[in-house]
Every structure is written in structure tokens, then in C-alpha cells.
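Remarks on the structure that follows.
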Amino acid sequence: MKTYIQRHLAIIALVVIVFIVFVTNVKEGTYLIGWDHLSTELNPLLAVKRAFFAVWQEYQSLGLVGGMAHASDLIHAVFVSILALVIPQSLNRYVVHCLLLLAGAIGIHKLIEFYEPREKQIAFLGALFYMFNIGTIQLFYVPFEPFSWFFAALPWELWIFSKVLKEKTGRRNLLLFLIINLLSTPQAYLQTLFVVYVIVLACLASVYLWGKRSFQSIKKVVLLFFLLFLVNSFWILPQLYFLIANGGVITQAKINQLATEDVFFQNYEKGTISNFVSFKGFYFDLFRSNQERLFLEWHNHFSQAPFKILSYILSAVVLIGVFMRGRKHKAFLLVYIVCAIALLSATPVISEVNNMFRTNGFFNQIFRSPFTKFVIPYSLVSSFFFAQGAHILLKKLSGKGKNIAFCFLAFAVLTYTLPSFKGYFFSPSMKIKLPQEYLEAIEYFKHQDINKRIAILPDHTFWGWFYQSWGYNGSGFMWYGIEQPMLSRTFDVWSGSSERYFWELKQAVDGEKKDDFIDTLTKYDVAYVIFDKSHLSISSITRSLQYESLTKLLKDPHVKLVKKGKVIDIYQIMQDHKVEDFVSLASSLSSVSPAVSAENNDNVYKKTGGYMTDGKPILFYPFRDVMSRTRLADKKWSLVETERSFELRTNFDSENFQVAETSAGKYGMPLNTPRGVETFQVAYQIKVEPHTIVATIPKTLVSTIDVTKTELVDCGQEKGIVKKLPLKNGIRVGSDQGAVACFGYNDPFLEQQYGYLIKVKNSNLVGRRLFFYILDDTKKQSYLEERLQSDTDYFFLGPKYQYGLGYGLTFQGNSYKNVSSVNELAEVKIYAFPYNAIKDFALLRKGSTVQKSRMESVFSAKKTSYFTYDVALKNTDKGTLILSQSYDNGWKAYQDNKELEEHVLVNNWANGWSIDQNSGKSVSIIFWPQYLEFAGFLLLVFAFGITVFKKES
């Protein structure tokens with residue numbers, strides 16, 4: 001026993017250290033919850049089910065193809081399910097992340113021992129540094145499961161890869177390779193981590209091949225990468241489908257339109273050598289919702305001279321290892337260089353290499369935050385070289401001197417990470433007591449029909465982030481416990497339909513239009529509303545959440561309060577037509593074109609009661625998506641300014657169409673102004689030519705902002721320098737050293753019941769363009785958030801709230817510690833704009849009439865899994881079978897085993913198929929890409945099969 005303890009003393013010590021971290025960081029009665037996270041513990045078996053049938057993520061808003069590798073979560077979900085049998089629910093995430101921390105520490109200990117088999121001490125030091133360097137701390141402080149799994153898995157993956165390269169490709173080694181990589185698949189939930197893992201393996205393989213230069217070595221490397229693909233194919237194949245079919249959605253989402261560039265500059269600010277060697281990424285300077293630094297305790301810790309000096313000493317040991325032992329360990333040196341290229345984005349020469357890769361838009365999107373993707377391999381190779389540096393220092397000593405130096409280095413690492421043992425390994429803001437009402441709501445929905453969609457209200461911002469009065473700050477959690485689909489902005493990045501719902505609902509709520517509110521819930525087949533009274537506003541005052549307005553809107557005959565609480569109320573929406581397991585049946589659907597990626601309100605649905613888009617339209621709305629709240633990558637119209645008017649133009653073959661709505665109009669718009677009540681004449685004319693439609697709106701200037709009359713303040717969290725310089729035509733605004741130059745204007749006379757067009761003339765001289773807000777003076781919320789895109793930008797401001805008065809226009813000039821910003825604002829003008837008349841203008845196919853749709857009840861439907869449905873039709877005429885999941889070409893319908901060819905878009909979001917009574921009465925619906933995951937499982941079995949039965953050489 002004594003010999004066993006001595007042999008495994010380092011591992012035992014690591015276990016004890018992690019146990020101390022666990023004990024000092026667990027806060028009794030709290031959940032570890034917030035930021036980006038997977039709260040699998042709320043319903044572990046549900047997570048297993050969703051991971052096994054992962055390709056169609058039914059629970060996410062309106063259903064969507066999983067943009068993240070949800071299938072890869074299977075191992076994690078099973079692991080959590082097993083833990084759930086023996087530990088309390090609230091402790092589950094604490095235990096999971098601490099076990100993954102331990103697994104990573106033991107893994108790198110084994111990896112270092114593999115390369116330095118006689119050096120037990122340095123392997124222990126490397127493991128300590130891997131666990132507690134500030135790069136690792138930043139990811140565990142606000143833990144997200146894929147990062148923690150990557151931390152745990154990467155050392156083991158590199159160990160077995162190195163072992164197979166060095167030794168023979170025997171059955172045992174290959175089985176270990178498969179098992180370790182299978183157990184590591186949860187890291188791929190964030191697919192870019194798998195890409196980084198492959199890059200790291202490619203570094204090791206390149207050095208190996210360069211050294212061996214033999215056909216046998218090439219065969220060995222090819223075999224390993226082939227097996228790696230097979231073991232991961234159950235999630236890789238579905239992801240390939242997502243990228244091919246839906247990859248463009250990611251960049252078009254409003255969140256990413258704004259956040260991608262912001263995140264890049266946050267990383268760029270940290271892309272210096274000093275931050276690189278000290279392991280500090282942009283996480284380290286983030287702020288909590290209360291405007292305190294997220295890493296406040298760590299900032300305070302490192303602001304003290306002894307700990308600052310200690311961090312320099314430890315970084316110096318890493319660099320000694322890099323420069324003195326890098327030649328011996330070329331593979332790890334190459335990984336170190338790759339990490340440097342990724343992270344040193346603001347360092348001369350290296351930044352040029354970094355920018356070469358960023359010219360690719362897709363690459364730029366997936367690696368917009370290189371710190372979170374590369375910090376783990378960087379932490380690993382730095383820990384490896386920390387051990388090598390320690391080896392160089394220790395080998396100069398012997399006996400007691402060597403042991404004293406070893407103890408000093410170990411003590412130095414533990415002192416460096418002292419806050420980890422004071423409760424700050426995990427952020428205090430993540431340790432939250434979950435109100436009992438949320439657990440009760442989860443339990444309530446376990447007893448309701450799982451095929452009913454839930455909306456969460458308030459739903460006031462596109463950012464997909466929740467601040468709540470009881471302490472939660474994150475991307476949402478209730479759907480981990482509730483099986484029913486839940487509409488949330490968190491999922492907009494993967495689905496255009498989800499974001500369309502948001503804009504339409506927001507317009508209805510902002511305008512306090514009850515009919516539009518109920519129509520929107522009905523259109524998207526919402527069956528329940530969770531009304532959460534604990535939400536806090538992200539960037540405005542609480543009034544912007546519109547609790548009072550929502551309460552009024554929910555008082556409707558179609559809405560029934562079924563569960564009331566102090567924090568959340570649950571309402572049931574009473575549908576006026578039959579929807580069974582997300583299936584419904586309609587007749588007389590009018591064909592409407594075009595399909596649009598976004599719109600403020602769907603007047604077509606209000607007029608028709610339901611419609612479809614099938615390429616043979618009887619109604620054509622050329623300007624139905626005229627809006628500015630999000631950038632429309634696929635818009636078919638353009639706006640042109642002439643001397644006296646604005647023109648909206650679009651191309652359309654109108655030969656067989658006639659005007660369905662009025663093509664000209666003029667009306668008065670009375671507004672209070674500083675000069676008293678003035679009536680502005682608003683006119684428009686729409687001319688339909690054989691191949692072009694032109695809407696002409698004569699200029700009616702309502703307001704001209706004097707841009708020089710404004711006060712400039714620094715509204716940033718990092719106080720820097722802001723400057724304002726009056727110009728002959730406008731102002732010049734500069735910001736530097738992390739300052740945010742904020743200035744704005746207000747027009748209290750603009751009545752919100754009318755439409756406007758805002759023109760902004762500006763120029764960008766240095767850094768980033770101005771960020772622009774349109775603020776609602778009545779409800780104290782933002783109407784529009786956008787970064788200016790060109791020297792002259794136009795913004796449509798549609799009618800909003802009938803009794804609303806006044807808008808504010810706010811500009812921000814963002815700077816960073818290493819990026820200044822200088823912009824000029826020359827002109828802001830506001831014109832009257834006949835918004836609804838232009839938006840609702842339509843052409844009708846000659847000889848056609850528009851009928852109100854009719855919903856039928858002569859069918860029965862049963863959802864047999866997340867991706868299969870069986871429908872029985874009863875005496876139906878020709879109609880449209882509707883599946884209330886967001887439209888995707890992967891959905892297929894078969895009537896008596898014959899595919900229904902007419903797959904149409906219904907209500908601009910759902911799937912529909914034209915059916916005929918002359919065919920059979922049985923219809924089967926499947927989402928065929930799900931079989932890609934099943935095929936991957938077969939390939940996984942195949943990989944183990946060929947390995948088990950492999951003949952030993």
C-alpha cells in the first residue's frame with residue numbers, strides 16, 4: 001500500500017487539490033448557472049433523448065437544424081444522468097466541472113510523463129500550471145461545458161495520438177485512441193473546438209512525418225485521422241448538412257450582424273505580447289450586470305505587487321521552456337506558434353498572418369473569438385513548456401536543493417491562484433439560488449402535451465440574453481428542463497424564422513395592438529406563454545420591458561391564466577383551429593410572393609388568414625420587407641435619393657399582374673413643432689412597368705437636426721479620452737484608450753403613429769464607424785440598434801405606438817486601448833414616409849381572386865419522434881397539409897409511399913405540402929437528415945469493429 005501511494009502520490013495530490021477547490025467554491029443551496037451554459041441537470045434524460053435525435057432541434061423556437069453539434073452532447077448527457085442518481089441536482093454542475101478539471105490535470109500529467117518518463121516532479125508542476133494559469137481560470141470562472149470537456153480531453157487526446165505515433169498501431173492502442181476520442185466528443189458541441197483539436201493534431205503529425213519521411217508513417221497518420229472521422233461522424237455528418245443548407249443564417253442573424261465585429265475588436269485589444277504571455281483574454285476585462293468587473297477579485301489579486309511579480313516569474317519559466325526545450329519538442333513548439341498567430345492579432349508581423357486568414361468571411365465568423373477557441377491548447381503547451389522550464393532549473397540542483405526548488409515552484413503556482421481557494425474559481429455571480437417557481441413550472445409542463453409551443457415574455461431585445469432580479473445573467477435555461485419548444489432570442493442565430501417571430505411580436509407589443517399580438521401568437525402556433533416578472537432590462541430602464549402593456553395584451557378571450565405565481569405566470573393560448581402534434585390542414589391558401597427574411601408586421605397574414613409561397617403567386621408584395629431594424633441580405637429592392645424625391649425600385653415581371661392596392665396617395669400629417677401645429681403633406685406614387693416597379697416619394701422634410709448642438713460624454717466602462725471638434729458642416733468626434741464617445745439628439749415632436757425616413761450623413765476617418773440608436777421617448781426603449789455602414793445611411797422608422805411621442809437619436813464612437821476612433825457627423829434629416837402604404841402595396845395576378853384561408857379538422861396526426869409524423873386524412877378536398885416546424889428542404893412528405901413534390905412555405909415560416917383527395921389518406925412526414933446521425937452511429941460501430949478484429953502485426 002505504501003509503495004502504491006508513493007507511486008501515485010502526484011495523482012493523489014491533484015485529487016486533494018481539486019477537492020479543496022470544490023469545497024471552497026460550492027455555495028450551499030445554489031446552482032452553478034449563468035452565461036453560456038448547459039443546465040442538463042434540470043432534466044438529464046431529456047438531454048439524452050435530444051442528443052440521440054439531435055439533427056432537428058424541435059425545442060429551439062420554431063424548430064431548426066442544430067447549428068451546434070448537439071449530437072456530440074450525448075456522452076455528457078449520459079454522464080450527468082449517472083451523476084444525477086447519486087448527487088443533488090443543484091450540485092451537479094459543480095461536480096461535473098471539478099471532475100473535468102481533475103481529468104485534464106491527470107491527463108497532462110500523463111502526457112508530460114510520456115515525453116519525460118523519469119521526471120515525476122515536473123509532470124506534477126505542469127499539471128498544477130495547466131489547472132491554475134489565468135487562461136484556464138477565465139474559462140472555468142464562467143464555465144461552459146464544451147470548454148471544460150476540451151480542457152479535460154485535450155491532454156489525453158494528445159497522449160494517445162503521440163503514443164500511437166511512437167509505438168506500433170496495435171489493437172490495444174487503437175482501441176484506446178477510439179475510446180478516448182469517443183469520450184471526448186462533448187468538446188465538439190462547439191464545433192470550432194474540434195477544428196482547433198484537428199489543427200493541433202496536424203501539428204504533431206506534421207513534425208512526425210517530417211522526421212520519419214516514410215510511407216509507413218503516412219499510412220499510420222492517415223489511419224488515425226480516418227478513425228478520428230469515424231468516431232466523430234455521428235455529429236460531423238449532420239453539421240455538414242447544416243453548413244450546406246443553413247450556414248448563411250449565422251451571419252444574417254441580427255445578433256451576429258452587430259456582435260461579430262465587436263467580439264473581434266475585444267480580442268484584438270488583447271492581442272499583444274504582454275497579454276499573451278500573461279494568458280489574459282478579453283474575458284478578463286468583461287463587466288457584470290452591476291457594472292463591476294466580472295473578474296474583480298482576480299484583478300484585485302494581481303494588482304498587488306507580490307502576485308504580479310509571481311505571474312511574471314511563472315511566465316518566465318514558460319518562456320525558458322519554449323526557448324531552451326522547443327527544439328527538442330518541435331511538435332509542441334509548432335502548436336505554440338499556431339496559438340501565437342491566433343492570439344497575437346494586434347502584434348506587428350503576426351497580425352499580418354492573422355489578417356490573411358480573416359479575409360475568408362466564414363473563417364472570420366467561426367473564429368471571431370480566437371481566445372476562447374485557442375486558449376486551451378495554448379494553456380496546454382504553455383504548461384508543457386512550464387514543466388520543461390522547471391526541468392532546466394531543477395536539473396541544475398540536486399538533493400535537498402532540488403526538492404526545495406520543486407516545492408517553491410509548486411507553492412508559487414498555488415499562491416498565484418490563491419483566489420481559486422477562496423471561492424473564486426467559479427464566479428460568485430454564477431452561484432445562484434434558483435427560485436422554486438421555475439422548478440414548479442418545469443414540473444407543470446411535464447404533465448402537459450409536449451407538442452405545444454411556449455413563448456417567453458417579456459421578449460424585448462434581440463440580444464438573446466437574460467438579466468433577472470434574482471441574480472441570473474445568461475443565455476437562458478428553462479428549455480433544459482421543459483421538453484416543449486420554447487421561443488427565445490437565444491436561438492435566432494440558427495434560424496431566420498425565429499428572428500422573424502421576434503420582430504413581428506415586438507411590433508405588436510410596442511404598438512399595444514392586441515389583435516396583432518394574438519395574430520402573431522396564432523400564426524406561429526404558440527400554445528402557452530410564460531410571463532416572467534423578474535426580467536431586467538439590458539440597456540434601458542425597467543419600463544422598456546412593458547410589463548403593464550403585456551398584462552393588458554394578455555387579457556383577451558383567447559388567453560387563459562392557468563398558473564399564477566409571484567415570479568412567473570403561465571397562460572394558455574386558445575387556438576381557433578385544430579393543431580394536432582404540430583400538424584394542421586388548410587384549404588384555399590393564397591399563393592403570395594416574395595418570401596422575406598424579416599418584416600415588422602405580417603399584414604398579408606392578417607388579410608388572408610394564412611398563405612403559402614410556391615413560385616406561382618397570385619399576390620406580389622414588392623416592398624413588404626421594407627425595414628431597417630435588421631440588415632436584409634436578400635432584399636430585392638433598393639432605395640435611391642434624387643434631388644426632389646426618394647425612389648424604391650425592384651425588378652419584377654408584371655405582365656400578368658394588375659394593381660391590387662392603390663398606387664398613389666396623398667394625406668396630411670399634422671405635427672406639433674416648436675412653431676406650433678404644422679401639417680405636412682405626404683405623397684407617393686407607384687409606377688408599374690413591365691419589368692420594374694418604382695415607388696416615388698416626394699421629399700417632405702419634417703425635421704433637420706442641428707448636429708453641432710450636443711454634449712459629448714464618455715459612457716464607456718473603461719474611461720479614456722473623448723474629443724469634439726466643431727466643423728463648418730457638422731462635428732468631428734474622437735475617442736481613444738477604451739473610451740466610448742456618446743452624444744445624441746432629441747425630437748420630442750415626432751408622433752409615433754406616423755412613418756419616417758431618417759437620413760444620416762457621416763464619414764469614418766479612423767477606427768470603427770459610429771454606432772446608432774433610435775430611442776423611443778415614450779416607452780424608454782430602443783427602436784433600432786445599428787452600426788453605420790456607409791457615408792450616407794437611410795433608416796425606415798415605421799408607425800409604432802398610436803399615442804407615442806418623440807424619438808431620441810444617439811451615436812456612439814467606440815475605441816479600444818489599441819484602436820482609436822474618429823468620425824464626422826455632417827447631417828441628420830427626418831422625412832415623412834408613407835410606410836404602411838408602400839409596405840402594403842400589392843399586385844394581383846389577372847383573373848385571380850384572393851380568398852380567406854379555411855382551416856380544416858378532418859384529419860388526425862401523431863408525432864412518433866422529433867423527426868417523424870403520421871397523418872390520417874378524412875374526406876378532404878385538395879388542400880395544404882401544414883407542419884408547424886420552420887421550413888427546411890430536409891422535411892419530406894409521402895402520401896401512400898409516394899413523395900409529395902409540392903413542398904411549399906406556409907405563412908413565411910412553416911412547411912406545407914399540397915395534397916389531393918384522389919391519392920391515399922395516409923401521409924408520413926420525415927426529416928431525412930436525422931438519418932445522417934444514425935449513419936454516423938453505424939460508422940462508429942464500424943470503427944470499433946475493424947479495430948477489435950484487426951490482426952496484430
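Positions of Cβ are set from backbone N, Cα and C atoms, glycine also.
The transmembrane segment feature in TrEMBL is assigned to 9-26 (among others). Tertiary proximity for the transmembrane segment (9-26) is limited to same-chain residues at least six positions away from its ends with a CB under 8 Å from its CB atoms, namely 91, 94-95, 98, 101-102, 105-106, 109, 120, 123-124, 127-128, 131, 414, 420-426.
If you look at the transmembrane segment (94-115), the same-chain residues 6 or more away from its ends with a CB under 8 A from one of its CBs are 10-11, 14-15, 18-19, 21-22, 25-26, 32, 79-80, 83, 87, 122-124, 126-128, 130-131, 140, 143, 145, 148-149, 151-156, 158-159, 162-163, 329, 380, 383-384, 387, 426. For 94-115 (among others), the entry in TrEMBL reads transmembrane segment.
For the transmembrane segment (122-141), the list of distant contacts is 10, 13-14, 17-18, 97, 101, 104-106, 108-110, 112-113, 116, 147-148, 151, 155, 278-281, 283-284, 294-295, 298, 302, 311, 314, 318, 372, 375-376, 378-380, 382-384, 386-388, 390-391, 394, 406, 409-410, 413-414, 416-417, 420, 424-427, 430: same-chain residues at least six beyond its ends, Cβ to Cβ under 8 Å. Residues annotated as transmembrane segment in TrEMBL: 122-141 (among others).
Residues or ranges marked as transmembrane segment in TrEMBL: 194-211 (among others). Counting same-chain residues at least six beyond the ends of the transmembrane segment (194-211), those with a Cβ under 8 angstroms from any Cβ of the stretch are 69, 150, 154, 157-158, 161-162, 165, 187-188, 217-218, 221, 224-225, 228, 232, 330-331, 334-335, 338, 366, 373-374, 376-377.
Annotation source TrEMBL lists transmembrane segment at 223-244 (among others).
Same-chain residues lying 6+ beyond the ends of the transmembrane segment (305-324) with a Cβ under 8 Å from its Cβ atoms: 129, 133-134, 277-278, 333, 336, 382, 384-393, 409, 412-413, 415-416, 418. According to TrEMBL, the feature transmembrane segment maps to 305-324 (among others).
Here TrEMBL flags 331-351 (among others) as transmembrane segment. Beyond the ends of the transmembrane segment (331-351), by six or more residues, the same chain brings 162, 199-200, 203-204, 206-208, 267-273, 276, 281, 322, 367, 370-371, 373-375, 377-378, 380-382, 384-385, 818 to within a C-beta distance below 8 angstroms of the stretch.
The transmembrane segment feature in TrEMBL is assigned to 371-394 (among others).
Here TrEMBL flags 406-426 (among others) as transmembrane segment.
Remote same-chain partners of the transmembrane segment (931-949), defined as residues 6 or more beyond its termini with a Cβ less than 8 Å from a stretch Cβ, comprise 53-55, 71, 171, 174-175, 178, 182, 227, 230-238, 240-241. Per TrEMBL, transmembrane segment is recorded for 931-949 (among others).
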